[in-house]
């Protein structure tokens, strides 16, 4: 017999009541933290020092969650978010906090989590890598939303904590040329006969122009392709269709791959290849990595999770003998092409799953320096082989401070000391950040 949950009267009353709280600090996801009846309460949108009126939405044994209803006493660091979809769209969650305080919060969060793994207080450099705080994204993936009642299609991003899509016509953190394409693209897609066959739309600003990849779940009619092609040529963008198997079809006149420029180098990438979305910060991040690692001609440097060569090529340009390793075959092939495009012959690339046993890999051996730029899961398995590699310096670029903190324990156990730690503000207006850590062998 099925049993249905029914909230107890007292519990329902507790959740519906509004209470006033004093916010103490922010958590690692950017939510305000307060205390109520001995419990920690998480309040998205609230800032430290504020007195807020909230409604409890969830009660657990040791904590509760609440929805911000009203700010009674605002923090001097609070600002009005310029985005009309702020609070609905799940993209930016710190637009209400001034940029200097965003950076301070991220430095503190990075230092706190790494300090716990180091079992000592770690100082984060105050000269963080940062750039423009608005219109900085050179790539974005927009979801499509087709209203079954009106048969109207909208483009947008996922709603916070939901699979629902919030329709938008511009984006304050997307590069202006891309933001200005959202509304015209939505109008165009609504003219297509096969608009029910459309998936996401990926927009990219490259050094050689604007690129759009439209995902389709079934082939489009020729008349639809003509509309798309005319739109692309009129706006001078490269437009590609991507089918279920990942196959690409150019609908525009230009067939050149997108590329970006870095340290005088040209790095091409295919749609679907990972690149850093913040081009300005990526430039500064790579420059800082070169400075911290201090590579000299002839040194053997291993670049794990190398992608299309974002760090490998600048390292090779400095005269190092570089070995790049990446788990995606297509990106390994692109990295090799990028080396050839730039006339660099002092580097080699290998494809390997860096989460598996690396004992038989031909590239695993003594090196002078190691650079890692893993995905959010980190590089725990790779770092187990430190004793075989014995690099004098390890530079770890992390998009997940929690993974960096966990992995740093392996470095400490292997005799390394954390000598520099810096914030890389790749994603302004959000709680997300990257960290750069330099470890040096003590003995």
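Every residue gets a Cβ built from N, Cα and C, even glycine.
Taken from Swiss-Prot, the feature domain 'TRAM' covers 12-70, and the record attributes it to sequence analysis.
According to Swiss-Prot, the feature [4Fe-4S] cluster binding site maps to 83, 89, 92, 171, an assignment based on sequence analysis. Around residue 89 ([4Fe-4S] cluster binding site), the same-chain residues six or more apart in sequence whose CB sits under 8 Å from its CB are 83, 156, 157, 158, 159, 160, 166, 168, listed in sequence order.
Positions annotated as S-adenosyl-L-methionine binding site by Swiss-Prot, on the basis of sequence analysis: 276, 305, 310, 326, 353, 373. Around the Cβ of residue 276 (S-adenosyl-L-methionine binding site), the number of neighbouring Cβ atoms within 10 Å comes to 23.
For residue 399 (active site, nucleophile), the Cβ neighbour count at a 10 Å cut-off comes to 19, with all displayed protein chains included. The feature active site, nucleophile is assigned by Swiss-Prot to 399, with sequence analysis given as support.
Each of the binding-site residues 83, 92, 171 was scored by the number of other CB atoms within 10 Å of its CB, and the largest score is that of 171.
Distance from the CA of residue 92 ([4Fe-4S] cluster binding site) to the CA of residue 399 (active site, nucleophile) is 16 Å. Secondary structure from DSSP puts residue 276 (S-adenosyl-L-methionine binding site) in coil. Excluding the listed site residues 83, 89, 92, 171, the same chain places 85, 86, 91, 95, 157, 168, 172, 173, 429 with Cβ atoms within 8 Å of the centre of the [4Fe-4S] cluster site Cβ atoms.
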